[in-house]
Amino acid sequence: MPMSSLPAAILSHMTAINNVPPPPLHSIPNLKKSKHINYGQLNALCHIRGQHSRSMSNILSAHDTFMKQYPKVFLHQKPRLPKLFKQEEQRELNEGKEESQHQQPDDSNNIAVHVQRAHGGHILYRPKRATEKFEEFLAILKKLPIHRTPYEHKTVWKFLKTIPDLTFQLNDKHLKTLSKTVFSETWLKGSTVVANDGFYVILKGLARPQTNVYKNLIEGSDSPDSFISQSFHSFIWSEEFKNSTLAEMYLPSYDSMLSKWSTFGTLEVMPQNESETQMFSVVTEDDCEILKIPAKGYAKIKEEKIKLENMQKLKLIRMCPYYEEWPTLSIYELIALLKWKKFPPGHVIVESGNIISFVGYINSGCCNIYRSIIGFVKLRSNKVKRSQKLVYMGKLKEKESFGEISVLLQVPFTCTIITKKEVEMAIIEDKDLFVA
């Protein structure tokens, strides 16, 4: 049976296709990694556990993890700021130098500058930055101490360390504590500042002393809380004129004027009856900014220091073996007599055969104990010579005491005590013990 034309055409086409060779193989092009994708995070994201779990809780946990990790897949480039040209930068520096040179006056012929420097005062002409810092200092003092930041407390402390009348009498620790309590007061021209309740530092303006109990600080004072000024224009209350019949109110001359950084007042807390009779005051010649350190605040700091020292002494004596069962009241009687003292390494505290002059309680360090013995040394001539030597017997350690029997019974020491390294101890001198 003859085939139709259509099937024959299809058959011939299929035969022709089978005879045609397959097309050549081509390699798959490499994929370029994107610079904006973190492929390590992407790989971790694709292998999160629980994505294909049948448990609903696992699926939700995997979904939360996926959503948290997803933003890490994309890299965020940091924005780059345009570079500055060196020429412009150099030009700005040169302009700044020229301006500072023009602004700073020539003080070579200014006698006031040399006088100020000779008395240890502040230089009259300061860079612009110092002026800005001083204005910042004034603004901080206007705040209540409780509202100041740690940075502001540190700024006040740094300025207090530049005032000679304060650093002469107060250590750095006291100044740091006081810096958190000081404040500034504004006084109008013609005001009378009564300074019986604190120590004052003039920050702006002029003031004139007006009192019958002033004494120039450059002459000194025996009072433990008074200040010996390094500046001529500083005055302080003096006990020497307390009962003086020659004392009278007066206004000093212009040479005694108190200016910037001048100090006056006292850190002693005066009794009420004395503060009423002994007026300690200045009169402002301008509108003044005056820093005040309250005497009561300083007294509180001293009380806290004494309490801490007494607690340290009590703890030291309590830890010494012979005082563990002593009543507290008896120990407090000893605390009133204790003084701190340091000894360098190799210092002979007491020699054998001598009576020691104090009772010691070792707070830090240690001492070696030696016994003096007589030995015999054979010489080349077959003769024997007597020789005295120190033999090590032991040591005194921290939280141990010595010298009680020698001081109380006036018995000589049978050994020699030498410090091995620096030793700090609390001591009671024999003269204080016998008086007590």
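Here the Cβ of each residue, glycine as well, is placed from N, Cα and C on the backbone.
The compositional bias 'Basic and acidic residues' annotation in Swiss-Prot covers 89-105.
Annotated region 'Disordered' per Swiss-Prot: 89-108, in sequence order.
Here the Cβ of Y322 (nucleoside 3',5'-cyclic phosphate binding site) has 10 other Cβ atoms within 10 Å, regardless of which shown protein chain they belong to. The nucleoside 3',5'-cyclic phosphate binding site annotation in Swiss-Prot covers 322-436.
Ranking the binding-site residues S352, N382 by the number of CB atoms within 10 A of their own CB puts S352 at the top. Around P412 (nucleoside 3',5'-cyclic phosphate binding site), a 10 Å sphere centred on its CB holds 12 further CB atoms from the protein chains shown. Around the Cβ of K397 (nucleoside 3',5'-cyclic phosphate binding site), 10 further Cβ atoms fall within 10 Å across all displayed protein chains. The binding-site residues in question are L337, C367, I427, and the one with the fewest Cβ neighbours inside 10 Å is L337.
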